[in-house]
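Peer 1: For reference, TrEMBL lists these features for the protein:
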- 30-50: transmembrane segment (TRANSMEM)
- 42-300: domain 'G-protein coupled receptors family 1 profile' (DOMAIN)
- 62-83: transmembrane segment (TRANSMEM)
- 103-124: transmembrane segment (TRANSMEM)
- 145-165: transmembrane segment (TRANSMEM)
- 195-220: transmembrane segment (TRANSMEM)
- 246-269: transmembrane segment (TRANSMEM)
- 284-303: transmembrane segment (TRANSMEM)
Amino acid sequence: MDESNSSPSAFIGNNTSVLEMEPHTSLSPIVPALMFAAGAIGNMTALIVLFKSKKENRRTIFYRLVGLLAIVDLFGTISTSPVTFLQYAHFPHWYGGDHLCNYFSFMLIFSGLSTMFVVAIMALDRYIALMHPYFYAGFVTKRKAVYILSSLFIFSIAISSLPLIGVGKNVLHYPGTWCFFDFRSEDSTGKAFTYIYSLTGILIIVLITASNVAVIATLIQMRDTSKTISCNKDEICRIDREMQMMIFLIAVVLIFIICWAPLMVVVLLCTTGTIKHSDELDLLVIRLASFNQILDPWAYILLKKRHIILCIRWAGKALRSARGKLALQTNSSNETPESRPLPKIGVSDISHSFEKSLSSSFRGECTKL
């Protein structure tokens, strides 16, 4: 093969634009394959767990939003991964030309914005429920939540479509296996779209962070108050349910910020010229953003109370087994008339005590996650 043809730009076809990039002659599909498997299995498992949860949980707005988040993440995974596999299999050729490049970029932008908006609505739902409970009980309904989410999805489609009508441009990025909008563009429309995208993401991150800090502070105050005054069982259960939901939401928000903030910051800094463009950095931040769709469902699955209890029980059994083997080995090596049985370490007691403490903190009599 001619050396000049080792760059992806030599194989684009049609009029698909490609950024200046270093040639890359070989790629391994292992990373995208593992990411696809983890994302698809995780989100489908989360949907099954949600479907099998208690009916009163499935009816709440928050848990429906959790299900919607899993659906959006699953959609984002299955709508883009097949294209990635195709490009890795035929690298360095880019099959599909402009149409496939525009599709891939559109899906990346749309699924990313949809995930952001769903997480933002989840955070606002908990904020209004805790800070303004009477307003929440009288005004917030499932129908209104559907209207708001539908409007946000339409807004996401509108933003994702802007590069298709000339506001910004979709281009092939390093190493020639994915398309995204050109955040290195020097023209005014390209920069305008970059600012719209990055500032929207950053504002959502700030909004989510601020609302969660307020809710966490309120919940801590409510729990402290419930310990000092006599609260009825329903009030204590309500506080514990809120704590369970907030633990999950905090995990989702932390994953969201860690995964998406670097992309938003890099896009914004590249546009303003604060940092130099780097192919490796671009690939790193887009892969990190893709991990959000993988980690979200596992956060829900692993943070369910009964799964935490099972992990504690498993750890306790493993420690007890190790202690027993150690005791047998010690007894066999020190078998004398004066020898005495080794004192019990108390791993079982520690495990059961930890499990009891955890169960008490979540109020076993209340509705579980």
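Counting starts with 1 at the first residue shown.
Glycine is treated like the rest: Cβ placed from N, Cα and C.
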Peer 1: Could you tell me the mean pLDDT the prediction assigns to the domain 'G-protein coupled receptors family 1 profile' (42-300)?
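Peer 2: For the domain 'G-protein coupled receptors family 1 profile' (42-300), the model's average pLDDT rounds to 83.
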Peer 1: Excluding the flanking five residues on each side, which residues at least 6 beyond the ends of the transmembrane segment (62-83) place their CB within less than 8 Å of a CB in that stretch?
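Peer 2: Residues 32, 35-36, 39-40, 43-44, 46-47, 50, 53, 96, 100, 103-104, 107-108, 111-112, 114-115, 118-119, 121-122, 125-126, 129, 142, 145, 149, 245, 248, 252, 292-294, 296-297, 300.
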Peer 1: Cβ under 8 Å, sequence separation of at least 6 from the ends of the transmembrane segment (246-269): give me the contacting residues as numbers and ranges.
Peer 2: 66, 69, 112, 115-116, 119, 122-123, 126, 183, 194-195, 197-199, 201-202, 205, 208-209, 212, 215-216, 219, 275, 281-282, 284-286, 288-292, 295-296, 299-300, 303, 369
Peer 1: Are there residues at least 6 beyond the ends of the transmembrane segment (284-303) whose Cβ is under 8 Å from a Cβ of it, and what are they?
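Peer 2: Here the qualifying positions are 31, 35, 38-39, 42-43, 45-46, 49-50, 66, 69-70, 73-74, 76-77, 108, 111-112, 115, 173, 178, 180, 247-248, 251-252, 255-256, 258-260, 262-263, 266, 369.
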Peer 1: Restricting to the same chain and to residues at least six past its boundaries, which positions have a Cβ under 8 Å from a Cβ of the transmembrane segment (195-220)?
Peer 2: 109, 112-113, 116-117, 119-120, 123-124, 126-127, 130-131, 159, 162, 181, 183, 239, 242-243, 246, 249-250, 253, 256-257, 260-261, 263-265, 267-268, 271
